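Annotated features in TrEMBL:
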type	residues	note
DISULFID	C108-C113	disulfide bond
BINDING	T163, W171, S202, H205, R242	FAD binding site
REGION	228-247	region 'Disordered'
DISULFID	C342-C345	disulfide bond
ACT_SITE	C342	active site, nucleophile
ACT_SITE	C345	active site
Amino acid sequence: MRVVGAASVAMLGLKGVEGFLGVSSASRSMMMARGRAPFVASDKSERKGVTRVQLFEDSLREGAVSINSMNDELESLLEELRSQDFFRLYSVDMLASCEYMPQELFECYTESCEIYPIDEEDIPDKIRIKDYDEHDFEMDGWARWDMPSDDYYDVAQFPEEFTGYDGSDVWRFIHARICFYDNDNDYYDADSWKADFNKAVSGLHSMISAHIVKGIQDKIQAGEPLQDGTPWTDPQQEFNRRLSPDGETPRAISNLYFGYMLMLTAVSKARTRLLQDCDAQIIDPQAADALRPVLSHPLFDDLSITVASNNLLGHANMEQDSLWEARMRTRELMRIMNCVQCNKCRLHGKIAVLGLSTALQVLLGSGGEGGDELKMHRVELAALMTTLSKFSTAVSYCQKMTTN
């Protein structure tokens, strides 16, 4: 069995949530230097004499209310689903090199950093064979998952947690270089699908930030020591800085809900395929028993959550010829995960990116007409549901923190 060293945070850690609507601090500085401000929604309210950005865009408010009223039950169902082999086992290349930026090798050999592949005899044959049979190379696909091997990792054995890893360099690269921005066009206009793409990436970032802050709080409540030298020790302070409307990224929570709505709608569209796999026992009976209650949850049928995907589809259908740019960027988003020098973070980061890419594949397809969920692979379905669970937990945590 091979031991993989890691520096960590359960997913990508960072010093600050960079990326208001997907715009990093560096990009904002470049924009301001060129006399252009990044797009900022103008809805504001007065509270105690302070002007502040509201928690949600107006268009998302009704869907956010529905989510807040029904998410707790769905979160519990998704947690049970993630305990099933079909949704917890992933063959991931943890040794791939970073191709985007020079890095000093940073290894971590503490217990919180190391992750191990499961023993080969514990890999279910059905999952191993399915992953090998389905793996292919698509030149213009939404994502390219790692070539399957005998190294499978169990995300239930190595769940999301706070470990103190700082992934801010990776996030700066994502927001400045992978998200949409150039000198001639303002891609943060509200009527552009490129703005929707940036919101989705920003929502992914917010989801990860919520897990980081929750991980800090979990460790403190459990009486576990935080890493020596970590500057992040106060969960409320970190939440305010990373996710609050008054913090560094005023639209962090709004974009989190935008991303969650995309995930919910994508799973709703993939229900037929998932249920077919249950009936055909491609998904094993125990996992199917956990999946069916999830798919029958009323939140998937609430029309208010479709506003995000409707906006995305409407914008995409106005610019169908340029959607290849989105597919190229989701592939690059997957590859930049190899620059995360924390294998626990890399594992969860890759799964989350695949989940979001799969959602975009289902919603948009190749030209805005929607994808064929019958062509989805086992690992894509698993990542889709796992990432939905990650968003659900992040939303639940943010709801509690904003209520408090």
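Every residue, even glycine, has its Cβ placed from backbone N, Cα and C.
Any TrEMBL annotation is an automated prediction that lacks curation.
Keep in mind that this is a model prediction, so the values were computed, not measured.
Ranking the disulfide-bonded residues C113, C342 by the number of CB atoms within 10 A of their own CB puts C342 at the top. Note on proximity: of the disulfide-bonded residues C113, C342, C345, the one nearest H205 (FAD binding site) is C345, by Cα distance. Most Cβ neighbours within 10 Å, among the binding-site residues H205, R242: H205 holds that distinction in the structure as shown. The local packing around S202 (FAD binding site), expressed as other Cβ atoms within 10 Å of its Cβ over all shown chains, amounts to 29. The number of other Cβ atoms within 10 Å of the Cβ belonging to C345 (disulfide bond), over all protein chains shown, comes to 28. Nearest to S202 (FAD binding site) in space, judged by Cα atoms and limited to the disulfide-bonded residues C113, C342, C345, is C345.
Closest in space to C345 (disulfide bond), of the binding-site residues given as T163, W171, R242, is T163, taking the CA atom of each residue.
Between C342 (disulfide bond) and T163 (FAD binding site), the C-alpha separation comes to 9 Å. It is 7 Å from the Cα atom of C113 (disulfide bond) to that of T163 (FAD binding site).
Helix, strand and coil residue tallies for the region 'Disordered' (228-247), in that order: 8 helix, 0 strand, 12 coil [DSSP].
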